[in-house]
Amino acid sequence: MKIESRFLKYISFDTQSSEESTTSPSTDKQKVLGEFLAEEMRILKLQDVMQDEYGIVYGTIPGNTDQGDVIGFIAHMDTSPDASGENVNPQIIRNYNGQVITINDEKKMYLDPEEYPELKDLIHHDIITTDGTTLLGADDKAGIAIIMSVAEYMYRHPEFKHNDIKIAFTCDEEVGRGTEHFNIERFNADYAYTVDGGDINQYNFENFNAYKAVVRITGQSFHTGDAKGKMVNALTIARNFDSMLGEANRPETTEGYEGFYHLYDMHGDVASATLTYLLREHDMDKMHKLMERMSSTADYLNTIHDNSVQIEYIHQYDNMKDIMIKVPQIVEQIDIAMRDLGMDPRPTPIRGGTDGAMLSYKGLPCPNLGTGGYNYHGEYEYASLTQMKKGVELILRMIKNNVEA
């Protein structure tokens, strides 16, 4: 099966995960794609194929040599809760000419190279976009398509030398629970790579340190006609708290290694209010400074409003760079294979996290490879089929080099 057909099939499954759910997986529909993938893996003669009770799919491409490492490749099946993944209607642009791409003329949705300059590097590529009503699902079904295309290549080319190759497809990555039930012992790889990035020339071995901050504010409600000197409006305190953090360290004003506060939920009334932030920094010393600024802001407001502001900091994940510097050869394999293929290797810090970051701290070192997808989590998402094909070549070259080393 061509990678295009495979990808289009996978994105036809609605696999949106849910922030509100407490089940694993958070939505049963993720299991439906998992069952389909497990059957496809069996057709390609993978061994030990199974989908566990949490929806995670495991399998092994049996090796034909004991040379080289047992390498794993991981992608996630769920799509983001930020936009619908139901009834995806992809549009294919063949041999992209560098002009503005119309996603949805009625909604005035366009991909303009001046606004999305990465398109300038994709001239003559085949590109898949949405129709402007859903996300595409390249995050991370492009990764799944790449991995399954690697499996099919090995099935059709038994002369290709490789040790056991481990494959896993996880659930709930988009809601931060992708590795919650991942069984490293069952997976049984020496190390692995997530295939969950963007531009195919980029790879990642460092990511944000991540915390969530929940700010709870207590006010006092009185009738507005008799409120002077008595009412303490929790919503006003919430507004002041956020404004005192400033605008310099926000997602919309930062890039690269710059960290931020991200207020993503705010609700309440006069009597009480809650603000929920994501805190992100590549450097833990800088993370502590973000926390100190939040705490000092709360302390200041508490001197005015009688200890009305409380903050809870919740650890989410760590920067995997601290693990990767201990096993540099795992990262070097990516760079070498890219250069062998005439690619332009660009190690890039992730402004987010991956399943691989958490797995690295659980004992499975796991850098991240690109997929050819862009503009994730929304209706402007698109993917380069040309880059997806290159992703298959890259993984095969990495395996080949590892066996021959």
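Think of each number as a place in line: the chain as shown, counted from 1.
Including glycine, each Cβ sits where the backbone N, Cα and C put it.
TrEMBL annotates D139, D196 as Zn(2+) 1-binding residues; of H76, H157, H162, H223, the candidate listed for that same site is H76.
Listed in chain order, the residues near the Zn(2+) 1 site other than H76, D139, D196 are A75, D140, G143, E173, E174, T194, V195, T354, D355, T371, each with its Cβ within 8 Å of the site Cβ centroid.
Residue density at E173 (active site, proton acceptor): 25 other Cβ atoms are found within 10 A of its Cβ, drawing on all protein chains shown.
Residues belonging to the domain 'Peptidase M20 dimerisation' (206-296) score a mean pLDDT of 97 in the model. For the recorded Zn(2+) 2 site, residues D139, E174, H377 set the reference point as the centre of their Cβ atoms, and the other residues of that chain within 8 Å of it by Cβ are T79, S80, D82, L135, D140, Y376.
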